[in-house]
Amino acid sequence: MSAQSARVPFNLLGLSQIISYGLLFYIFAQLKTPLAVAIGVAEGQILTAVSGAMIIHALIAPVIGGWSDRFGALWVMTRGLSLGAVGLAILPLNASLWWLWLCMVPIGMGFAMSSYELAFNSAVQLDEANARRNISFITFYGGVASSVTWLSVAPLLVYFGLHITCFIVAGILAITSIRFFFLHRAHGGGTAVKGQSPAPFRWQLLTRSERLALVMLGSAGGLEYLVFASTTLLWINWFQVQFNDPSLAVILAALYGPFQVVGRVIEMRFGHRFDARITGMTAFLCGPIAMLLVQADSLGLAIAAMIIFGMGHGVLTVSFGYVTNMYFRADVYGRAKGWMTTPRAIGTAIGPSVGGMLFANGTSLFFSVMIGILLAAALSFAALFLAQTRPGYSSSG
């Protein structure tokens, strides 16, 4: 690794994704039950509030992208982690539904300001030439966010209860925010640090290729995350229907997480040899293949399907992060990624309800629609081959 690439604190950026995704998103898979009991509502209402936080993410993503380009992605992440800490700290202080929704405002903003897009932007801002490699390292950590969170939070809830658990989690977020404050001071990033004005970024100023990339990456990301959010919460239900064994269903559903990491290891080891659009298209095909295999009444094919599904999504996370930089240089990357994030966040927010509705009307319908959406996403991604990469782009990065 070059001296320049060593400037990118990719280990800390990767750990931040375990903390951000884990403590501001995945944690609600376990908090929903004690929160529902404390407030006296159904768990579905808790998840609806979490979806509301994702909508906040979608609405403010373009603004956050502008902040990232102006002040630096590390600056934004510092404040996002702080907001998340505030939201989790005050969450258990009032057992009412309106308070839950109020707390989701800082939690949603915090998640939007500290998730993958900002970590990727840091990698691009600090070392654009080696962005693909550094983004791969960052996503490697994020692949275990759900497992680490669920294994850690479960005993905290058992031994300390909801209130203390939320305070502990808020403390972790606050400590991470302080660490990122010093990271920003050490590494900088953003035009404000350099004493410059942000480069202009308006639709009217974009080239045909940039417009095509913006629309196609946003569309592909929104559709792919709609499928991911729809299926992730329903794999257990499907395997229970298929094999009538609750324990086996949980094990099979959990396979995708570790194999996301495997996919990212493969991308780190071999991906640099190929155009990132080619690896992305290959990963896109994994989804429909997995959806077809998982419907066979075979345990072996079910295992293979979850392995393929996890690896494909793992590679796609890297692809979406890096392919953006193929069309948008570092000084506008944050705003470009911000606009692309809006449809992705909407897909994540509505995915569980869309998936649940389709699943209730028949598993054949569910899988057919999911395959169709993934193929539409793959076609959107394939359209990127029609767009020219930015001037000065080198595939060696």
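For all residues, glycine too, the Cβ spot is worked out from N, Cα and C.
The annotation transmembrane segment is assigned in TrEMBL to 12-29, 35-60, 72-91, 97-114, 135-153, 159-182, 212-236, 248-266, 278-296, 302-323, 366-387.
Taking every recorded stretch in 159-182, 278-296, 302-323 and counting its Cβ pairs under 8 Å to the transmembrane segment (366-387), the highest total belongs to 278-296. For the transmembrane segment (248-266), the list of distant contacts is 136, 139-140, 143-144, 146-147, 232, 235-240, 283, 302-303, 306-307, 309-315, 317-318: same-chain residues at least six beyond its ends, Cβ to Cβ under 8 Å. Counting only same-chain residues 6+ beyond the ends of the transmembrane segment (212-236), those with a CB under 8 A from a CB of the stretch are 206, 249-250, 252-253, 256, 284, 287, 306, 309, 313, 316, 320, 323-324, 326-328, 336, 339-352, 354-356, 358-359, 366, 370, 373-374, 376-378, 380-381, 383-384, 386-387. When Cβ-Cβ distances below 8 Å are used as the criterion, the transmembrane segment (135-153) is approached by residues 10-11, 13-15, 17-18, 21-23, 26-27, 29-31, 116, 119-120, 123, 165, 169, 254, 257-258, 260-261, 263-265, 267-268, 271, 314, 317-318, 321-322 of the same chain, each at least six residues removed from its ends. Outside the transmembrane segment (302-323), and at least 6 residues removed from its termini, the chain residues within Cβ reach (under 8 Å) are 116-117, 120, 123, 131-132, 135-136, 138-139, 142-143, 213, 217, 220-221, 224, 228, 231, 235, 239, 242-243, 252-253, 255-264, 266-267, 271, 276-277, 279-280, 282-287, 289-291, 293-294, 296, 340, 384.
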